[in-house]
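As annotated in TrEMBL:
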type: REGION; residues: B:1-29; note: region 'Disordered'
type: COMPBIAS; residues: B:13-29; note: compositional bias 'Low complexity'
type: TRANSMEM; residues: B:39-56; note: transmembrane segment
type: TRANSMEM; residues: B:62-82; note: transmembrane segment
type: TRANSMEM; residues: B:89-109; note: transmembrane segment
type: TRANSMEM; residues: B:115-137; note: transmembrane segment
type: TRANSMEM; residues: B:144-163; note: transmembrane segment
type: TRANSMEM; residues: B:196-215; note: transmembrane segment
type: TRANSMEM; residues: B:243-263; note: transmembrane segment
type: TRANSMEM; residues: B:275-305; note: transmembrane segment
type: TRANSMEM; residues: B:326-343; note: transmembrane segment
Amino acid sequence: MTTTAPEHLLRADGVTVRFGGLTALDDVGLQVEPGSVVGLIGPNGAGKTTLFNVLSGVLRPTGGTISWKGAPPPGKRTHHLARAGIARTFQGLNLFPMMSVLGNVMVGADRLARGGAFSLISGLGRHHREERELRERAMAALERFGVAEHALRLPGTLPYGVQKQVALARACVGEPELLLLDEPASGLSGQQMDTLAKQIRGFSQDMAVVLVEHHMDLVMEVCDHIVVLNFGKVIASGTPSQVRADPAVTQAYLGTPASEEASGGGRAAVEPTHGNGNGAAG
Amino acid sequence: MTSPTTQREERPAASGAGTTPPRTPGTSRWGALPLPARHLLLAALGLAAVTGLLFATGDLTALRIAAVGYTMLAIAGLQLLVGGSGQVSLGHGAFMMIGAYSMALLVLHQPTLPIVANLGIIVLVSIVAGVAVGAATARLHGPYLAGATLILAVGLPGLTHRYHDFLGGSNGLNIRTAGVPPFLDGLVTTSEWRTLVVWTTVVVGLALLATVSAGRLGRRMRAIRDDETAASMAGIPVGKTKVVAFVIASAAGGLAGGLQAYVLGTVTPSSFTLVLSLTLLAALVLGGIGSLWGALWASVAIVYLEIWATDLARSLNMTRDAENNLPIVFFGIVLILVLRFWPLGVHGALQNLRARLRARSNSS
């Protein structure tokens, strides 16, 4: 299923985002190959979610370019990127609360259906046939994620773990070529995390995945390539083992050793937090 | 594709599928029909029922039945906008006014046009007005959109005074529309004929609204209502879909206004004030905001509560002032009581009842 095009699926060059005087991202580059899993890590406030919002079109960068399959993206708005094949999950899930689980997932498959207003009103043409296909596709996705039994329930009535699977099903049902996962492991138990790791590896057979995550073990396990951000800058990137061995990463996460700091050689220590959520720029 | 699961799904997901009757799983032939055909069949059934009611009750109630019809169409449009796409409009009465004045002007200046052409032109005019207002307000949310549409409801009636010669000022315009066509002469009275014209238009309009609501467009609107960011990330063009919802609602409102002018034969600015817009919205909440069925209860409430309250005031020999204000008080009290005991409106209460009855019949 991976495209054989020589160029990158998604490529960001020199992306800069400024919120007033605050530079949230400073000249950040990122490449995503088809079928790869790219991890985006960094301390709180490093700019991970900001980069995510740029990639998904929610936020327009102050500077820099994004290219999709070697060309500029088909539009600047979020729905243009989504139609082109970029799907994403949200840290807060953002399921549609007043729609059934099946309805939620059908919305996720929306980009695959054709048939315009005339077909809708007249009953001729493709609209209603594709609507049935959409429903079958959504049911199949729910089954694949093991939540088909909840198809008619409202999301709010389901346990958090099930809701997460619904959110994943909604993102994957549209057969995206790039899936952006925003902290998919937050709030999951150890066992659920193992399942998630398997799922993410499974996704990468059909699509490329970019994930923002705080759980290092998950990131190290599933990612082919890791980009480490700190203060809006890329401080390291490479395979998991390269990143693990990089002193700059250790420094960003754990701070400078006390002796070095005393000598004034190192940069200011970063707060060694692993807390929940991100800052405004994070 | 007519497995029981998918059939049952229809109702919670396509919550606006108004004219859809309580379907039992497994009616496969019915389910195999395309959605618009199903809705048109139901519309024909509805029209037959109204015709029966009309002949059973006679000429006197015909105008009331017509009033229920056009009010229902207006509220159904509002339902698609408010319940379907989550945009609160306080200017719905203004679109009814646009439709009503279009009808009056067409009859006055182009008297040879048949009613069907008039209604078609009214829909076009309302769509143009809806695009203009909707495009301007598509970026507004919640109270801000309500505020912007409020301007429309407050300002538009004033135009009739500004263009007194053309729009007739506060006296409005009086029109005479064609009565019963020759081939039906003697079979139906003029008001019965007009009621039938109104209801034919209304059921076709409702069938269209139900089809839109049950189709992909309706689902897109509900997704936007629930979460705009997630909807746009699923590839739904948020702004465009909101404008489309607004335009459909305007067309329904305009058409309803046109029908009102056709039935009453008179349009005055005082019947399209802010109070009308607020009443429509309040009645929609009373009827049940989640379903097109809510529009039926809402329109019955608007038309009949007023009549009953007026009758009550007369029978109690109240003063003129009390008689004039009693319907408003009555409506308010009913609204408070309904929402106190049935927060989802009349339709929500009926659905609860049905679910409870079904649960009981399953357990026994």
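Including glycine, each Cβ sits where the backbone N, Cα and C put it.
These numbers come from a predicted model, not from an experiment.
In the displayed structure, how are the listed features positioned relative to their neighbours?
Using a Cβ-Cβ cut-off under 8 Å and counting only residues 6 or more beyond its ends in the same chain, the transmembrane segment (B:62-82) has close neighbours at 16, 18, 50, 53-54, 88-89, 92, 96, 189, 191-192, 194-195, 198-199, 201-202, 205-206, 209, 212-213, 218, 221, 245-246, 248-253, 255-257, 259-260, 263, 280-281, 283-284, 287, 289, 291-292, 294-296, 298-300, 302-304, 307.
For the transmembrane segment (B:115-137), the residues of the chain that approach it from at least six positions outside its boundaries are 91, 95, 98-99, 102-103, 106-107, 145, 148-149, 152, 177-178, 197, 201, 242-243, 245-251, 253-255, 257-259, 262, judged by C-beta separation under 8 angstroms.
Within the same chain, residues 15-19, 64, 67-69, 71-76, 78-80, 82-83, 88-94, 96, 149, 153, 206, 209-210, 213, 327, 330-331, 334-335, 338-339, 344-350 sit at least 6 positions outside the transmembrane segment (B:275-305) and bring their C-beta atoms closer than 8 Å to a C-beta of that stretch.
Here the transmembrane segment (B:326-343) has Cβ contacts under 8 Å with residues 279, 282, 285-286, 301-302, 305-306, 308-310, 312-313, 318, 349, 352 of the same chain, all six or more residues outside its ends.
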Sequence gap of 6 or more, Cβ distance under 8 Å, 3 or more pairs: do the transmembrane segment (B:89-109) and the transmembrane segment (B:196-215) meet that?
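As far as Cβ distances go (cut-off 8 Å, pairs 6 or more apart), the transmembrane segment (B:89-109) and the transmembrane segment (B:196-215) do not touch.
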Checking distant contacts: for the transmembrane segment (B:196-215), what same-chain residues at least six beyond its ends satisfy Cβ-Cβ under 8 A?
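Residues 10, 14, 16-20, 35-36, 39-40, 42-44, 46-47, 50-51, 54, 65-66, 69-70, 72-73, 76-77, 79-80, 84, 115, 119, 188, 248, 252, 255, 259, 262-263, 292, 295 contact the transmembrane segment (B:196-215) from elsewhere in the chain.
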Using a Cβ cut-off under 8 Å, which residues of the same chain at least 6 positions beyond either end of the transmembrane segment (B:243-263) come close to it?
63, 66-67, 69-71, 73-74, 76-78, 80-81, 84-85, 87, 89, 92-93, 95-104, 115, 118-119, 122-123, 125-127, 129-131, 133-135, 137-138, 175, 177, 191, 194-195, 197-198, 201-202, 205, 209, 212, 217, 221, 272
